[in-house]
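Below you'll find the structure, written out as structure tokens, and then a few comments.
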Amino acid sequence: MSADEIEGEEWMAEWEEEEEEEGGAEPAIGDGGDGGGVALGDVEWGEQALSVAREVLQLHFDDDLAMFAFKVSPRGYVYVRLDKLTKEFGCPAIEEIEKFNSLYKQRLDEMVERGEIPLDLAIEASYPPVSSPGAERLLKVPEDLDRFKEMPMRVQYMEEDPTSRHQQQKDGIFMLEVIDVETGRCAWKLADVKENRAEAGRGRPLSRKQKDWRISLPFDTIKR
């Protein structure tokens, strides 16, 4: 085995270790991962890397390709999630991801050579995990609701228990019916999915009661 091969294996092992550490946390809005947003932590060069990523998107891509999430780690990893705004699931073409990766790495390499960034960086550009059946993506409420209103959404919300008068967390798979920005509320109905149909009995469609069921929730009671 050559020195290059050994170095490559060590790099891969470190990359996998980094991913495992990052993957242990529950996704949250603004975490720089599948919850979207920007997470720079205390990484000194993070702001520069973010600025370059935004510049690459602005100069080389159409407006429908946006940055969903950006995160850096002290070890020199840069995670970028790209969002195709005109696609139902937000998934860019492979060619777009590869082009971004190439252009972005080139720009960062130039900054390393000029001494503006004090280390070699490893880049992972991908897309939010909504492009396959069963995949879930955290949405901002109410900003993202209209875009995904034609898709079933798993909603976690707080509701007052009529007995204890305490707030308790509930969840369900719903379809959005109405968004009222003025009142800060949104109305939902049960989604016609396997999990909801199971309550009516195996192999049976949604019952009339389920089809007629509605719930109106204030934006601030929706947790995710």
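Glycine too: its Cβ is placed from the backbone N, Cα and C atoms.
The feature region 'Disordered' is assigned by TrEMBL to 1-36.
Per TrEMBL, the feature compositional bias 'Acidic residues' maps to 1-24.
Residues or ranges marked as domain 'DUF7912' in TrEMBL: 138-224. If you take every residue in the domain 'DUF7912' (138-224) and average the pLDDT, you get 87.
For the domain 'DUF7912' (138-224), residue counts in helix, strand and coil come to 15 helix, 34 strand, 38 coil, using DSSP.
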